Ligand code: CP3
């Protein structure tokens, strides 16, 4: 497969490009009026994920509007626990809620096995339809949550402040938590490999809550399972290398560890110093990030200046994918996103 715009894949594979590729976490989302319209048509967020037609529509919206260099599958990391029987809902303004969170050892040990074309077939249908609709314009990124981050939601039942259930279990019954994480890693391997077989060109593993942990616990309960997943992924499909990106929010203290698990790229949040990261791990892995999403609360002129600061921080040469340091906020003015993408396109060739 070759893409009309291949600078994202080329950067991940360390090939020369004429500019820095740019995409954005949560690029399909509520800041876009056309997303809100499609979501209203779907009725709720899960219906949107479960309709391949509507998921395709919202995946392509930011590509059509801004010209990002990669598309990301429209879905959610919590599709896996939902398929395992935890019954996911999204209530307006409350974020994700599981109607049946894991509360006992028995529930953890008896989690339902999931079939990729059975319970998660709607995700694979969306991947196939998006790939067809993209028509090789840009590559499609597939994704999953890390086992640690999935387990936080599965045990707490929703987003939480301190995540005391999982953090307590980590000390009171580490063997049980390991059994859960290991099982999740196996499902994630199958899930990402199914996405690859259906057409995604790269994968990203989101570890949103790995940053809650001490260094030792991060290695033992989070990174170890991310590494297991990376070891189990299909590396080449249809004669194409399938690169991988890992992203741990608040993971800036463990850059060397993250660079050593076999991912092609490491995503950085905005708290992490990009020039320091490049000096430390930039020869080993591609770096993705890391503009503060709050920059987009300003205006186009300031956005452009801040984009330049990020490009300057990384400096001259390849091996950088421009992104935010985490997902975009719902209330952002799309004009500021346009200013960001335009600035990367116009300013970054000077660095290559
Ligand atoms: O990046 C993209 O555009 C692709 C789609 C995507 C979504 N969620 C859509 C979504 C991706 C990659 C995710 C990943 C995801 N989901 C993560 C990891 C990344 C991160 O943000 O840290 C996590 C932790 C989740 C779980 C989740 N899903 C939460 C906590 C929420 C509620 C937060 C909120 O903003 O309301 C969601 C809902 C969600 N997932 C929305 C979108 C566009 C908003 C739902 C809506 O339209 O109402």
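Backbone N, Cα and C atoms are what each Cβ position is placed from, and that goes for glycine too.
What TrEMBL says about this protein:
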DOMAIN    21-30  domain 'Uroporphyrinogen decarboxylase (URO-D)'
BINDING   26, 27, 28, 29, 30, 76, 153, 208, 326  substrate binding site
SITE      76  site 'Transition state stabilizer'
DOMAIN    141-157  domain 'Uroporphyrinogen decarboxylase (URO-D)'
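Cβ packing within 10 Å was compared across the binding-site residues 30, 153, 326, and the lowest neighbour count falls to 30. Counting other C-beta atoms within 10 Å of each candidate's C-beta, the recorded positions 26, 28, 76 are led by 28. Taking a Cβ cut-off of under 6 Å from any atom of ligand 1, the recorded positions 26, 28, 30, 76, 153 reduce to 26, 28, 30, 76. Within the domain 'Uroporphyrinogen decarboxylase (URO-D)' (21-30), the DSSP-based counts of helix, strand and coil residues read 0 helix, 1 strand, 9 coil. The record assigns 26, 27, 28, 29, 30, 76, 153, 208, 326 to the substrate site; their largest pairwise CA distance measures 23 Å. The average pLDDT for the domain 'Uroporphyrinogen decarboxylase (URO-D)' (21-30) in the predicted structure is 97. Residues in the domain 'Uroporphyrinogen decarboxylase (URO-D)' (141-157) partition by DSSP class (helix H, G, I; strand E, B; coil) as 10 helix, 5 strand, 2 coil.
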